[in-house]
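First comes the structure, then the notes that go with it.
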């Protein structure tokens, strides 16, 4: 979810430099007029919140940023060059190394979903980050030992053993320590990544202007440190691992991780702590259970119309949907009842003796609010778009697997004395995004805006669709370049991988950034952490899908006369066919995406309008197609 590639995270950083949005703040386009109302609504709470906040602020945030920076440096430092480590230090064949890397990436990118659940429901963000940091440190230490101790890695192969195919890989003990180290790193990432941003935001009071300003500034600093991590991990760390020592290359991030834990606990007395409020998964389950229990209830036609009367008659009894006023931050924005997935509306129908005297449900597993129902509908609508995103990201997973394998057998010299590390070749994608995004944001979007009359130039789904097209083109070009490499009598320059990686850079700039913004706008406000976790899961799913494809292709493409497409000797294999296969899958996925996007119904909202002491709710119109988005 492979972990999101380094150029992926760099694109996030650059976008934040040009768009000062917050992942958990209100959408700029949907809520830009709400701030004055929010200040009126909360003006009596500001003084109380400020008085209660005796901790937090920038002093506390500095320790959180230090912890997150070192964790990312450790994991990204592993990611960029780990394929080389598995093949050269642990003597794994190309297919085995690719599968290990893909499976690890998948676990690491699904882990934040579990970490977010544990944090929100039980442990809280501080304790989750603390325990996860120790797990990450132990994982990095274990991986460093696999490179340091001779007993934990196989002996180096001679050239004759490599030529004869007699190179011995890791034994069960050595493989066990490798898996243990990777597993601990995944646990650390699963706890730190979903909690570090919310924990940093917790240190500011969103009810005050200064607090909201601090939150926006925090995101700028967060992604600035991320940019530094990317540059260090993809250049210096990879170079040390490749040219100096794997022990030092793994040891440096491990030492930095230890320092980050010390700094993190130094800030204990400065942090502002938010108690766990329970997970959204329980709310989702309640809607399903309540709708199932009332499955025999028939909704009248009047209840199907959006924006219609919420009162209706069933069996001669006047009934209504349970739609209480929102509280807290969500009081400024709620979801209107929609006509899609009507069977879920049954969960909100008030039956006899289902309400207490204070208006609360007697049993939460029998009666849910309209807001809960519509939040679940948002998830159901987003699911097909998310699923198509998994396949489209499969092309990007190859940057840290077979692209690195190609670089190893190509001429990587720049001049007479410098050789590019194979793991650093993906920097080309990063540079592409660095150059493209400023041009896109400052020049192309204003020009498109004048043509389309859309504030973003093009819609989010159109942007994702363009990224899908680039994923197809990147695989076609990758196959053509591999065909050229095989046909050349001498090793060709590694810079021939440039066109393929440039197209992947465009794919990330459109597809990944489009998905991130899409999830953040289409998920209800308090569920955006889940939206970001699902985006991480997209990469995890892409890694598993890639591993499955690699295994199947490896087993079914070998014949008596020739080896399989993905054999260790790239000159005897047909990696170009594998790339063309991925291009075909991405093309089929594009058709599915267009079908799902055409029928997608964008999230609506009911916003608060305040006129002196009167509060009213006004529907925000929803769009229903890509063209109308």
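Note: Cβ is positioned from N, Cα and C throughout, glycine not excepted.
What TrEMBL records for 221-240 (among others) is transmembrane segment.
The transmembrane segment annotation in TrEMBL covers 246-266 (among others). Beyond the transmembrane segment (246-266), the same-chain residues lying 6 or more positions past its ends with a Cβ under 8 Å from any Cβ of the stretch are 63-64, 66-67, 69-71, 73-74, 77-78, 81, 85, 89, 129-130, 133-134, 136-137, 140-141, 143-144, 147-148, 237-238, 240.
Residues 1-2, 5, 7-8, 79-80, 82-83, 101-102, 105, 284, 340-341, 423, 426, 429, 461, 464, 467-468, 471-472, 474-475, 478, 501, 504, 507-508, 511-512, 515, 518-519, 522-523, 534-535, 538-539, 541-543, 545-546, 549, 579, 582-583, 585-586, 589-590, 592-593, 596-597, 600-601, 603 of the same chain, all 6+ positions outside the transmembrane segment (379-400), place their C-beta atoms under 8 angstroms from a C-beta of that stretch. Taken from TrEMBL, the feature transmembrane segment covers 379-400 (among others).
Sequence annotations record features per position, and here TrEMBL assigns transmembrane segment to 420-439 (among others).
Annotation source TrEMBL lists transmembrane segment at 460-481 (among others).
The transmembrane segment annotation in TrEMBL covers 493-513 (among others). Sequence-distant neighbours of the transmembrane segment (493-513) (same chain, 6+ residues past either end, Cβ-Cβ under 8 Å): 4-5, 7-8, 11-12, 15, 389, 392-393, 395-396, 399, 403, 406-407, 410-412, 420, 422, 425-426, 428-433, 436-437, 440, 463-464, 466-468, 470-471, 473-474, 477-478, 481, 484-485.
For 533-557 (among others), the entry in TrEMBL reads transmembrane segment. Tertiary neighbourhood of the transmembrane segment (533-557): same-chain residues 1-4, 95, 98-99, 102-103, 105-110, 112-113, 116, 193-194, 382, 386, 389-391, 393-394, 396-398, 401, 515-516, 519, 564-566, 574, 577-578, 581-582, selected by CB-CB distance under 8 Å and a gap of 6+ residues from either end.
Under the heading transmembrane segment, TrEMBL lists 577-597 (among others).
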